[in-house]
Amino acid sequence: MINQIQRIGERSINFVTRLGVAGLMLVNALFSQPNWKFLRLVGLQVYNLGVLSLPIILVAGLFIGMVLGLQGYNVLVSYGAEQSLGTMVALSLLRELGPVVTALLFAGRAGSALTAEVGLMKATEQISSMEMMAVDPFKRIIAPRFWAGVLSMPVLAFMFSMIAIWGGSFVGVDWKGIDSGGFWSVMQASVDIHQDIFYGFIKSTVFAFVIVWVALYNGYYAKPSSAGISEATTRTVVNASLMVLALDFILTILMYG
Amino acid sequence: MGQLVQIRDMSFAREQRILFDNLNLDIAQGKITAILGPSGIGKTTLLKLIGGQLTPSSGDILFSGESVCRAKRAQLYQMRRKMGLLFQSGALFPELTVFENVAFPLREHTQLTEPVLQTLVRMKLESVGLRGAEQLMATELSGGMGRRVALARATALDPELMMYDEPFAGQDPISMGVLLKLIRDLNQSLGLTSIVVSHDVTEVLEIADYVYVLADKTIIAQGTADGIKSNQDPRLVQFINGLPNGPVPFHYPASDFLKDLAAQ
Amino acid sequence: MTEKKLHLAVGSFVLAGCFALVLLVVQVAGFSFTQDQGSYTLKAKFDNIGGLKVRSPVKLGGVVVGRVEAISLDAKSYTPVVTLRMDQQYGFYPETSSLSILTAGLLGEQFIGLRPGFMDDDIELLGEGDFIDDTKSALVLEDLIGQFLFSIQDNSKE
């Protein structure tokens, strides 16, 4: 009994310590003065995290859009409301699926890569040697990756929504024969820049923040062994995905009540 | 000559295992100081303590009179510019070429123009005899070459203190000789202070001006190379001659084996 | 050379992102870059607002001329008060105008239909914060069915 309580205590202390360490890392990484060198590093990471994630985002977006279009059509047509397909596709994408699915794919594609990369740098003493060369790894390694992730994710989410809506229109208009004018105008009448596009942007930015933070923390504090890195990579994907889904619920409550 | 590094009453423990207990140690300016000892007694840890990557549980470490342990982050990074550490693994950046690896600290800390930087990097590479390899990727190098590149990188900012972590481990006799010569030459030509941590007794005794032998959490012997060789302390004799049994136990501390068996 | 490729890739990525955003804004949200000419609010009381929601459109002859901004309840008379934000670009309406809550299709979204009243010399235009008095509530399906059954009963008695 006492052992159980002790274990709970130990766990909670560890948990709070880890939160503190992760917070310190974030603060250290964020408060670095930007200069040209730094922007160059961010650019490089935007390439690694954003550009290289583009294919998976676009392909996934296209298929999800087409499936949404088909399923939505089949349901709506039995109520004679297939005109609303555009609204259904656009709203579900902009508000939920765009930010969330992009975030999940981003966690799997870029988050795991970040953890593995930083973890390996740690394990092979590259980070340690950087410290001894008086180069702060938080500013040189962590900060550029952090900002690049936060910049890339919303861009990816926009592209995801765009191509998915196109996929939906492809199925609805070109295949199932909904009038294209109706499809787009009903959509335009119901989609709001503030409520839908801007809130979607906020969501994807928040998700990016969480994913990159989790990924970098797990990488930087991974056990310096191959088992440690693989464990850290798994933990990144699992933790980041769950946190994205939970945060999505909270944000949805805050935004749409 | 003063003392560049002073370690005062320093204790350090990791996960309840005490590595150092009230250690006092001085590194003389401009000399090569060797720290010898069996593996697993925390020689690498000692270098990381001097570099401020670890913090002792008590006591203090001074680098040119300033405390490393109590330094603020910015101060610490300022101090580290005057230190170089050669890692046992080399710790080169695998995605960069040899040239870029050596250029890395210069690019980070200076605003040199590209031609000046190139000249400097080539000079550093020339001094370790690897100017011809500058376009190779770091992953293409053999262990000995990698360590020499890492040495060029560590000295790129002309530090006052160079620390070598097991520079001879796993080297063939030729690269060992090359490294020995390099360490000695660098020390003389650049006016460095060097700390060599190693368990390769004979090689180190060749170049060291002063030697500390660590075992059992403290210093068991110190003196010049000749002094160490003629010391008759049984622990020292065992270590220097490489005898398997003696005062320094072969076994990691454990309870009595027979008792353990009986308990099962 | 690789540096240039990197810049090109990152630049295209960022531009493509901006393009996607603009496309979403224009094509999906139907935003037009014509100058927003401001808006004003009108209020109306209904007996029953049915399924009307905040942001439901106000339509005049099918054209969206405003949106529902807020829905509240007048605590004294227990009637719902709907605040409408009207686009100024379509001008102002006479105070004889009427509002009714309509449904798009049988099961569609509910919206407010605006029917402009007649103009006369002594009739003023509605301005900021004015109430529209002539309103028709939403049709409630259950009431309709009830009335229908009632009238069938009446008919069969005769």
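Each position is counted from 1, following the chain as shown.
Each Cβ is built from the backbone N, Cα and C atoms, and glycine gets one as well.
Since the structure is predicted, the reported quantities are computational estimates derived from the model, not experimental observations.
As annotated by TrEMBL, transmembrane segment applies to A:12-31 (among others).
Cβ atoms under 8 Å from those of the transmembrane segment (A:51-70) belong to residues 85, 88-89, 92-93, 97, 101-102, 105-106, 109-110, 152, 156, 159-172, 176 of the same chain, restricted to positions at least 6 beyond its ends. According to TrEMBL, the feature transmembrane segment maps to A:51-70 (among others).
Per TrEMBL, transmembrane segment is recorded for A:146-166 (among others). Same-chain residues lying 6 or more positions outside the transmembrane segment (A:146-166) and placing a CB less than 8 Å from one of its CB atoms are 26, 29-30, 42-46, 48-50, 53-54, 57-58, 60-62, 64-65, 68, 89-90, 93-94, 97-99, 101-103, 106, 110, 114, 187, 200-201, 203-205, 207-209, 211-213, 215-216.
Per TrEMBL, transmembrane segment is recorded for A:197-216 (among others).
Residues annotated as transmembrane segment in TrEMBL: A:237-256 (among others). Proximity of distant same-chain residues to the transmembrane segment (A:237-256), defined by a Cβ-Cβ separation under 8 Å and at least 6 residues beyond the stretch ends, is recorded for 95-96, 99-100, 103-104, 107-108, 111-112, 195, 199, 202-203, 206-207, 210-211, 214-215, 218.
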